[in-house]
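Engineer: Please see the structure below; I have some questions.
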Amino acid sequence: MDRLRTQSAYLELPSTSCTYHCPHIRRRRCISRETSIACRISKEDPARLSYRASSARSCTDLKEQMPLFVSLDKDVMKTSETLAYMEALSAGLRALKVLGITGIAVDIHWGLVEGAEPGIYNWTGYRALVRLISDFGFKIKVSLCFHSTDNIPLPEWIVREGRVNPDIFYTDKAGGRNTECLTLGVNDVPVLRGRMGVEVYTSFMLAFKDEFKGWFGSTISECLIGLGPNSELRYPSHPSDKRWNFPGIGEFQCYDRFMLATLKACADQVNQPSWGLGGPHDAGSYCIWPHQTGFFHQHGSWNTPYGHFFMQWYSEMLARHANDIVNSASSVFEDCNVQLSVRIPGHHWWYNTASHAPEMTAGYYNTVQRDGYLPIFKALSQHGVSLRLNLAELRNTEQPQQAFCDPEKLLVQQRTVAAALRMPVDIENKLLRFDDQALQRLESVLFDNTVNQSVELPQPTSMIFNCMTDAMFEPANWRSFKSFVIRVRDRAQQNPSVGPGWPTISMDGGPGLSKLSQREQPIFA
């Protein structure tokens, strides 16, 4: 790359700290500078990069007590066959290895592998990436991503199918299509060159298994199954194409003809045909606030028989989607000695209002009266998956008061439901931050006792730090991250309950938890 040829010039530049923005660190794209800094770090005296000199503990202690992973930048792959910045990547991995990091989290994108024609897979680039990471001795958490990003589209053949039949994509009330991922409405409809959505996903997973079968267990320890945008289990209610901005409530994504057909069938089943014509007419638009709508305000129609019908249907469709895809993944990877996981979204704004509007539009029927995570987590728990929760670095005090945010309480709610169902939990940071507030909050979530409904929640089984970019190797940020890793190791060794031996709780472990086992009856069979 041309930028890599200018590496020597960058070596002469003075060190600069990353800039801040509200108050999070802004990511800068400067691969050659990352290469120079990471190379210097990785070539330092190991004693300077290791933990406190007085500690005789080995690097394996961190892996055993609290596995700490670092994810790669999402644009690490330039094409299906080419790594975007090999020199910088190798230098960064070397530095992380010396630091004692357990492993690396890697996104594998459907759109890069399958490409032009269905069933034709090119794993060349990802095979080279996995081999490189393995050569450093890291474990790998893989995410199978069935969504697009700003730089990586869906497979070309899917895009072509979408031009002919745009209803394969999620659709909003105004008819706007969201091409981040396929609608769950095609999961059991053979409209993808004669195949159903579940069959297309399963074929990809089978091809992945066949390609990397020699790596499972020894190197690839976990496989996250992408179930929506950003591999999160949710509807694309808050799209990345500028239709939405924070703290807007988002919009329901149920207007493709496949989802409308199931809505109509369910409405007919309860003898309310008018309820099957579409989503709520008064639910507003992407960027407005709950009190500006008839559906989401405090005494809105969300809390009526119609609102209950629609939200139960909408959320149960998401739960069914999760169950179908993860059930298929469980069959595919049954003999692979690999943990399956699912990423859960963290729509924390407007959490301290009655309707929890952003969670509702994303598919979680979570209100002041109802736990919306239990039905979905319960469907997932049948398959032995772990959950990845991504609000771990956010504090309430950093959020705008007018948006009634509560990331801390939402994370506790999600962890409580997971604990009641005996589901392991991994945590990750949502934003790229190296400031003390964020890192101290991560440490607190990992180790500090959290009690909810008279139950002490089990500690997370691992953490994924997002992510390894040029910003990580800025001198000030690297020092902060290194100090954070030191503290994680020390506290993990002081606490024998951390890690795989996480405690379990009974469903009746405290006030309110018994209610978690009582799921409402589904409105359709």
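Glycine residues also receive a Cβ, built from the backbone N, Cα and C atoms like all the rest.
Just so you know, TrEMBL annotations never went through curation; they're auto-generated.
Sharing the record's features from TrEMBL:
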- Glu232: active site, proton donor (ACT_SITE)
- Glu428: active site, proton acceptor (ACT_SITE)
- 515-525: compositional bias 'Polar residues' (COMPBIAS)
- 492-525: region 'Disordered' (REGION)
Engineer: Once the chains shown are all counted, how many other Cβ atoms turn up within 10 Å of the Cβ of the residue listed as 'active site, proton donor'?
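Structural biologist: Around the residue listed as 'active site, proton donor', other Cβ atoms within 10 Å: 20.
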Engineer: How many neighbouring Cβ atoms, not counting its own, are there within 10 Å of the Cβ of Glu428 (active site, proton acceptor)?
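Structural biologist: So the Cβ neighbour count for Glu428 (active site, proton acceptor) comes to 22.
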Engineer: Cα-Cα separation of Glu428 (active site, proton acceptor) and Glu232 (active site, proton donor), in Å?
Structural biologist: 13
Engineer: Going by DSSP, give the three-state secondary structure for Glu428 (active site, proton acceptor).
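Structural biologist: Glu428 (active site, proton acceptor) sits in a strand per DSSP.
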